[in-house]
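Below is one structure, written out as structure tokens; the observations come after it.
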Amino acid sequence: MLRRAFRVAYDGRPYYGFQRQPSVSTVEDAMFDALRKHGVLDDGEGAPSGYAAAGRTDAGVSARAQTVAFDCPEWLTPRAFNGYLPESIYAYASADVPGDFHATHHARSRSYEYHLYAPESDAELAAAALDRLRGEHDFHNLTPDDAGTVRDLDCGLVVDGDYFVLSFEASGFPRALVRRATTLVQSVASGAAPLDRVDAILGAEPVDGRLGVPPAPAFPLFLADVAYDVEFTVDERALRDAREAFETASSDARTRSRVYGRIAQIT
């Protein structure tokens, strides 16, 4: 057995988040079910030896570069792993790592992207709001967590047609930070809140209840990258399969969008 790290992409919509939960389907459950079918994980075992993951995405959040590591036989390549994974989850690269490697603790940074539909919002105001969020702050008003709320956040904005592509990078993220920060940026960019609202949210005083910041919808968010001091080797066949699956899903979504657009032209 050796310890191996896998890069994993998934569509988060069918799942109640990444981490295992009782009585609901999660990404982790699907991966562990696949490992049981491969004989890598026994029926009575909860997780493989040495197992850890880079992050725990919320229900409906997808990933391009989730990373999991655990002890496994040498034959378990990304392509082999995919043999029992559902079509919404694909391993596509791997790296053999030291026996003490921990996918959570050894990550240098994590990056998320949020694709915000904002056809009537002001990009300059969005950029100004992000600029105030950038740097080290106590984000206690943007997460339900009580600990680990001080983070050094980098963020950016790319305008892509009617969309604002918001990027967020940090060593780690408390729960819901990215989605609540997105709501905050959207409220400023749309004119619904003044720019000083960001300063109030970053202040020491608790802001909750009706005055708090709710999380933006989950689906437009995905885990874009996790950085390690590790070189991953791409499994070309597995990567091709993953790309084909997500390109097909993208095409299907565009078709649905056209149909919904036509239906919306009700007279």
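The backbone N, Cα and C atoms fix where each Cβ goes, glycine too.
Now, the feature entries from TrEMBL:
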ACT_SITE  ASP58  active site, nucleophile
BINDING   TYR112  substrate binding site
DOMAIN    130-229  domain 'Pseudouridine synthase I TruA alpha/beta'
Handout entry: DSSP three-state assignment (helix, strand or coil) for the residue listed as 'substrate binding site'
Key = strand
Practice task
Inside 10 Å of the Cβ of TYR112 (substrate binding site), count up the other Cβ atoms and send me the figure.
Solution key: 25
Handout entry: TYR112 (substrate binding site) to ASP58 (active site, nucleophile) - Cα separation in whole Å
Key = 12
Handout entry: Protein Cβ atoms within 10 Å of the residue listed as 'active site, nucleophile', excluding its own
Key = 18
Problem - Model confidence over the domain 'Pseudouridine synthase I TruA alpha/beta' (130-229), averaged pLDDT - result: 96
